[in-house]
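According to TrEMBL, the protein has these features:
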DOMAIN    8-119  domain 'Longin'
TRANSMEM  189-209  transmembrane segment
TRANSMEM  229-248  transmembrane segment
TRANSMEM  255-272  transmembrane segment
Amino acid sequence: MSMILSASVVRVRDGLPLSASTDYDQSMGMQECRKYFKMLSKKLSQLPDRCTLKTGQYNINFISSLGVSYMMLCTENYPSVLSFCFLDEVQKEFITTYNMMKTNTAVRPYCFIEFDNFIQRTKQRYNNTRSLSTKMNLADMQTEIKLRPPYQISVSELGSANGFAHLSVPEYKGTGKISAAPHQRLEPVTLPGIVSFVLSLLCGALNLIRGFHAIESLLQNEGEDFSYVIAFFLGTAACLYQCYLFVYYTGWRNAKSFLTFGLICLCNMYLYELRNLWQLFFHVTVGAFSTLQIRLRQPQGKSPDYNV
(Lines of atoms letter the chains of each structure in order from A and count residues from 1; the text may use other names and numbers.)
(Lines give C-alpha, C1' and ligand atoms only; values in the text may rest on other atoms or scores of the structure.)
Protein backbone atom coordinates (compact mmCIF):
# COMPACT_ATOMS: atom_id res chain seq x y z
CA MET A 1 0.00 0.00 0.00
CA SER A 2 1.43 3.40 -1.00
CA MET A 3 1.34 5.98 1.78
CA ILE A 4 3.20 8.67 3.71
CA LEU A 5 4.61 7.24 6.93
CA SER A 6 6.16 10.19 8.75
CA ALA A 7 7.41 13.75 8.36
CA SER A 8 9.62 16.19 10.20
CA VAL A 9 10.72 19.82 10.14
CA VAL A 10 14.44 20.48 10.63
CA ARG A 11 16.57 23.62 10.82
CA VAL A 12 19.11 23.60 8.00
CA ARG A 13 22.15 25.20 9.62
CA ASP A 14 22.54 22.69 12.47
CA GLY A 15 20.01 19.90 11.88
CA LEU A 16 17.93 20.81 14.95
CA PRO A 17 14.53 19.04 14.72
CA LEU A 18 11.77 21.61 15.18
CA SER A 19 8.72 19.36 14.80
CA ALA A 20 7.86 15.84 13.67
CA SER A 21 4.92 13.50 13.27
CA THR A 22 4.34 10.82 15.86
CA ASP A 23 5.55 7.46 14.55
CA TYR A 24 4.10 4.23 15.88
CA ASP A 25 5.86 1.83 13.51
CA GLN A 26 8.92 0.34 15.27
CA SER A 27 9.96 -2.08 12.52
CA MET A 28 13.61 -2.52 11.57
CA GLY A 29 13.04 -0.78 8.24
CA MET A 30 11.58 2.30 9.93
CA GLN A 31 14.41 2.42 12.47
CA GLU A 32 16.93 2.33 9.64
CA CYS A 33 15.11 5.18 7.88
CA ARG A 34 15.22 7.26 11.07
CA LYS A 35 19.00 6.88 10.98
CA TYR A 36 19.00 8.23 7.44
CA PHE A 37 16.87 11.16 8.63
CA LYS A 38 19.53 12.06 11.22
CA MET A 39 22.37 11.59 8.74
CA LEU A 40 20.74 13.85 6.17
CA SER A 41 19.82 16.46 8.78
CA LYS A 42 23.50 17.12 9.46
CA LYS A 43 24.21 17.76 5.77
CA LEU A 44 21.21 19.81 4.68
CA SER A 45 23.23 22.98 4.11
CA GLN A 46 25.35 21.11 1.56
CA LEU A 47 22.44 19.64 -0.40
CA PRO A 48 20.15 21.07 -3.10
CA ASP A 49 16.75 22.39 -2.09
CA ARG A 50 14.88 19.34 -3.42
CA CYS A 51 16.18 15.78 -2.93
CA THR A 52 15.13 12.13 -2.82
CA LEU A 53 16.84 9.22 -1.09
CA LYS A 54 15.67 5.74 -2.06
CA THR A 55 16.21 3.18 0.70
CA GLY A 56 14.83 -0.14 -0.46
CA GLN A 57 11.10 -0.18 0.12
CA TYR A 58 11.04 3.42 1.41
CA ASN A 59 11.77 6.87 -0.03
CA ILE A 60 12.88 9.96 1.86
CA ASN A 61 12.00 13.26 0.15
CA PHE A 62 12.75 16.74 1.39
CA ILE A 63 12.73 20.40 0.38
CA SER A 64 14.59 23.29 1.99
CA SER A 65 13.53 26.91 2.14
CA LEU A 66 14.51 29.96 4.22
CA GLY A 67 16.76 27.99 6.54
CA VAL A 68 14.24 25.20 7.27
CA SER A 69 13.98 21.76 5.68
CA TYR A 70 10.78 19.69 5.41
CA MET A 71 11.38 15.94 5.26
CA MET A 72 9.01 13.03 4.73
CA LEU A 73 9.20 9.24 4.59
CA CYS A 74 6.91 7.28 2.28
CA THR A 75 6.69 3.88 0.69
CA GLU A 76 8.64 3.38 -2.52
CA ASN A 77 5.51 3.30 -4.71
CA TYR A 78 4.07 6.57 -3.37
CA PRO A 79 3.85 9.09 -6.28
CA SER A 80 6.70 11.60 -6.30
CA VAL A 81 4.39 14.45 -7.32
CA LEU A 82 2.20 13.86 -4.26
CA SER A 83 5.27 13.70 -2.01
CA PHE A 84 6.48 17.14 -3.02
CA CYS A 85 2.98 18.60 -2.98
CA PHE A 86 2.69 17.34 0.60
CA LEU A 87 6.03 18.92 1.53
CA ASP A 88 5.07 22.18 -0.14
CA GLU A 89 1.82 22.35 1.81
CA VAL A 90 3.63 21.64 5.09
CA GLN A 91 6.19 24.31 4.25
CA LYS A 92 3.58 26.98 3.53
CA GLU A 93 1.73 26.29 6.78
CA PHE A 94 4.92 26.30 8.86
CA ILE A 95 6.09 29.62 7.37
CA THR A 96 2.64 31.10 8.03
CA THR A 97 2.52 29.81 11.62
CA TYR A 98 6.07 30.57 12.80
CA ASN A 99 8.14 33.59 11.88
CA MET A 100 11.81 33.30 11.00
CA MET A 101 12.96 34.84 14.26
CA LYS A 102 11.44 31.96 16.22
CA THR A 103 13.02 29.28 14.06
CA ASN A 104 16.44 30.98 14.14
CA THR A 105 16.47 31.38 17.92
CA ALA A 106 15.05 27.96 18.82
CA VAL A 107 17.37 26.03 21.13
CA ARG A 108 15.32 23.00 22.23
CA PRO A 109 14.59 20.04 19.95
CA TYR A 110 10.93 19.75 18.92
CA CYS A 111 10.05 23.15 20.38
CA PHE A 112 7.25 23.43 17.78
CA ILE A 113 5.87 19.95 18.43
CA GLU A 114 2.30 21.31 18.35
CA PHE A 115 2.77 21.62 14.57
CA ASP A 116 2.47 17.82 14.56
CA ASN A 117 -1.32 18.28 14.56
CA PHE A 118 -1.19 19.89 11.12
CA ILE A 119 1.29 17.31 9.83
CA GLN A 120 -0.97 14.45 10.94
CA ARG A 121 -4.07 15.98 9.35
CA THR A 122 -2.24 16.65 6.10
CA LYS A 123 -0.71 13.19 6.09
CA GLN A 124 -4.17 11.62 6.44
CA ARG A 125 -5.45 13.65 3.48
CA TYR A 126 -2.52 12.66 1.29
CA ASN A 127 -2.94 9.02 2.23
CA ASN A 128 -6.50 9.29 0.94
CA THR A 129 -5.92 10.51 -2.62
CA ARG A 130 -9.65 10.89 -3.33
CA SER A 131 -9.71 13.96 -1.09
CA LEU A 132 -6.96 15.71 -3.03
CA SER A 133 -8.64 16.32 -6.38
CA THR A 134 -9.82 19.82 -5.49
CA LYS A 135 -6.95 20.77 -3.19
CA MET A 136 -4.13 21.40 -5.65
CA ASN A 137 -3.03 21.57 -9.23
CA LEU A 138 -1.09 18.33 -9.62
CA ALA A 139 -0.34 19.08 -13.26
CA ASP A 140 1.78 22.12 -12.33
CA MET A 141 3.83 20.11 -9.85
CA GLN A 142 4.24 17.27 -12.32
CA THR A 143 5.58 19.71 -14.92
CA GLU A 144 7.90 21.30 -12.39
CA ILE A 145 9.35 17.94 -11.37
CA LYS A 146 9.95 17.01 -15.01
CA LEU A 147 11.70 20.31 -15.70
CA ARG A 148 13.73 20.23 -12.49
CA PRO A 149 13.73 16.74 -11.02
CA PRO A 150 14.83 16.24 -7.41
CA TYR A 151 18.45 15.37 -6.84
CA GLN A 152 18.76 11.60 -6.28
CA ILE A 153 20.90 10.70 -3.26
CA SER A 154 22.03 7.08 -3.42
CA VAL A 155 22.46 4.92 -0.34
CA SER A 156 26.04 4.25 -1.43
CA GLU A 157 26.81 7.94 -0.84
CA LEU A 158 25.96 7.49 2.83
CA GLY A 159 28.77 5.91 4.84
CA SER A 160 29.49 5.60 8.53
CA ALA A 161 32.66 5.85 10.50
CA ASN A 162 32.70 5.16 14.24
CA GLY A 163 28.93 5.37 14.25
CA PHE A 164 28.78 8.79 12.63
CA ALA A 165 27.47 9.44 9.18
CA HIS A 166 29.56 10.87 6.40
CA LEU A 167 27.89 12.13 3.25
CA SER A 168 29.93 12.69 0.13
CA VAL A 169 27.77 14.65 -2.28
CA PRO A 170 28.71 14.67 -5.97
CA GLU A 171 28.27 17.67 -8.22
CA TYR A 172 24.65 18.71 -8.65
CA LYS A 173 23.52 19.70 -12.09
CA GLY A 174 22.98 23.42 -12.39
CA THR A 175 24.52 24.36 -9.06
CA GLY A 176 28.18 23.44 -9.30
CA LYS A 177 29.66 21.68 -6.29
CA ILE A 178 27.41 21.57 -3.30
CA SER A 179 29.93 22.03 -0.53
CA ALA A 180 30.15 25.60 0.76
CA ALA A 181 29.57 27.37 -2.52
CA PRO A 182 31.08 30.87 -2.58
CA HIS A 183 27.76 32.34 -3.74
CA GLN A 184 25.64 30.51 -1.19
CA ARG A 185 22.84 32.67 0.15
CA LEU A 186 22.69 33.69 3.78
CA GLU A 187 19.69 33.80 6.07
CA PRO A 188 17.52 36.94 5.85
CA VAL A 189 18.81 40.03 7.63
CA THR A 190 17.47 40.73 11.12
CA LEU A 191 17.07 44.12 12.82
CA PRO A 192 20.19 43.64 15.03
CA GLY A 193 22.10 42.72 11.87
CA ILE A 194 21.04 45.94 10.15
CA VAL A 195 22.06 47.94 13.22
CA SER A 196 25.49 46.28 13.32
CA PHE A 197 25.96 46.94 9.58
CA VAL A 198 25.15 50.65 9.94
CA LEU A 199 27.36 51.03 13.03
CA SER A 200 30.27 49.33 11.24
CA LEU A 201 29.89 51.75 8.34
CA LEU A 202 29.83 54.62 10.85
CA CYS A 203 33.03 53.42 12.54
CA GLY A 204 34.68 53.02 9.15
CA ALA A 205 33.69 56.55 8.18
CA LEU A 206 35.00 57.97 11.48
CA ASN A 207 38.33 56.19 11.02
CA LEU A 208 38.55 57.45 7.43
CA ILE A 209 37.91 61.07 8.45
CA ARG A 210 40.45 60.87 11.28
CA GLY A 211 42.91 59.32 8.85
CA PHE A 212 42.67 62.27 6.46
CA HIS A 213 43.00 64.69 9.37
CA ALA A 214 46.13 62.79 10.45
CA ILE A 215 47.56 63.20 6.94
CA GLU A 216 46.90 66.97 7.07
CA SER A 217 48.57 67.18 10.46
CA LEU A 218 51.51 65.17 9.14
CA LEU A 219 51.97 67.56 6.23
CA GLN A 220 51.88 70.58 8.52
CA ASN A 221 54.10 69.13 11.26
CA GLU A 222 57.07 67.04 10.22
CA GLY A 223 57.33 65.45 13.66
CA GLU A 224 53.95 63.68 13.45
CA ASP A 225 53.93 59.87 13.46
CA PHE A 226 52.87 58.39 10.10
CA SER A 227 51.92 55.11 11.81
CA TYR A 228 48.78 56.78 13.17
CA VAL A 229 47.62 57.32 9.58
CA ILE A 230 48.16 53.61 8.87
CA ALA A 231 46.24 52.64 12.01
CA PHE A 232 43.24 54.79 11.03
CA PHE A 233 43.10 53.39 7.50
CA LEU A 234 43.53 49.80 8.72
CA GLY A 235 40.61 50.41 11.08
CA THR A 236 38.55 51.69 8.15
CA ALA A 237 39.39 48.62 6.07
CA ALA A 238 38.55 46.28 8.96
CA CYS A 239 35.13 47.88 9.52
CA LEU A 240 34.26 47.75 5.82
CA TYR A 241 35.41 44.13 5.61
CA GLN A 242 33.08 43.26 8.49
CA CYS A 243 30.24 44.75 6.47
CA TYR A 244 31.29 42.61 3.50
CA LEU A 245 31.39 39.43 5.63
CA PHE A 246 27.93 40.20 6.97
CA VAL A 247 26.43 40.59 3.48
CA TYR A 248 28.27 37.86 1.53
CA TYR A 249 29.20 34.25 2.18
CA THR A 250 32.90 33.34 1.92
CA GLY A 251 35.03 30.41 2.99
CA TRP A 252 36.28 30.54 6.59
CA ARG A 253 33.81 33.36 7.18
CA ASN A 254 33.69 33.06 10.98
CA ALA A 255 37.47 32.88 11.31
CA LYS A 256 37.86 35.95 9.10
CA SER A 257 35.36 37.88 11.23
CA PHE A 258 37.30 37.08 14.43
CA LEU A 259 40.61 38.08 12.82
CA THR A 260 39.04 41.33 11.59
CA PHE A 261 37.76 42.05 15.10
CA GLY A 262 41.27 41.42 16.43
CA LEU A 263 42.64 43.95 13.94
CA ILE A 264 40.05 46.51 15.12
CA CYS A 265 41.14 45.97 18.72
CA LEU A 266 44.85 46.34 17.82
CA CYS A 267 44.23 49.55 15.87
CA ASN A 268 42.31 51.09 18.76
CA MET A 269 44.98 50.05 21.24
CA TYR A 270 47.57 51.82 19.11
CA LEU A 271 45.35 54.92 18.84
CA TYR A 272 44.89 55.04 22.63
CA GLU A 273 46.58 58.44 22.91
CA LEU A 274 44.33 60.03 20.25
CA ARG A 275 40.98 58.77 21.57
CA ASN A 276 39.26 58.90 24.92
CA LEU A 277 37.95 55.82 26.69
CA TRP A 278 34.38 56.28 25.41
CA GLN A 279 35.53 56.41 21.80
CA LEU A 280 37.66 53.30 22.26
CA PHE A 281 34.78 51.51 23.97
CA PHE A 282 32.40 52.45 21.14
CA HIS A 283 34.68 51.18 18.35
CA VAL A 284 35.55 47.90 20.10
CA THR A 285 31.93 47.25 21.11
CA VAL A 286 30.68 47.82 17.57
CA GLY A 287 33.37 45.46 16.27
CA ALA A 288 32.33 42.76 18.75
CA PHE A 289 28.64 43.25 17.95
CA SER A 290 29.29 42.99 14.21
CA THR A 291 31.36 39.83 14.72
CA LEU A 292 28.47 38.29 16.65
CA GLN A 293 25.97 39.16 13.92
CA ILE A 294 28.24 37.66 11.26
CA ARG A 295 28.41 34.47 13.32
CA LEU A 296 24.62 34.34 13.76
CA ARG A 297 23.79 34.92 10.08
CA GLN A 298 24.37 31.44 8.70
CA PRO A 299 23.98 30.04 5.15
CA GLN A 300 20.48 28.93 4.32
CA GLY A 301 18.99 26.23 2.13
CA LYS A 302 17.88 27.29 -1.31
CA SER A 303 14.30 28.44 -1.59
CA PRO A 304 12.20 26.28 -3.87
CA ASP A 305 10.77 28.11 -6.85
CA TYR A 306 7.74 25.96 -7.59
CA ASN A 307 4.09 26.59 -6.79
CA VAL A 308 1.19 24.27 -6.09
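The backbone N, Cα and C atoms fix where each Cβ goes, glycine too.
The residues of the domain 'Longin' (8-119), classed with DSSP into helix (H, G, I), strand (E, B) and coil, number 48 helix, 30 strand, 34 coil. Cβ atoms under 8 Å from those of the transmembrane segment (229-248) belong to residues 186, 193, 196-197, 200-201, 203-205, 207-208, 210-211, 214-215, 218, 256-257, 260-261, 263-264, 267-268, 270-271, 283, 286-287, 290-291, 293-294, 297 of the same chain, restricted to positions at least 6 beyond its ends. Away from its own ends, the transmembrane segment (189-209) comes close to residues 101, 104, 232-233, 235-236, 239-240, 242-243, 246-247, 267, 282-283, 286-287, 289-290, 292-293, 296-297 of its chain (Cβ-Cβ under 8 Å, at least six residues beyond either end). Confidence across the domain 'Longin' (8-119), taken as the mean pLDDT and rounded to a whole number, stands at 85.
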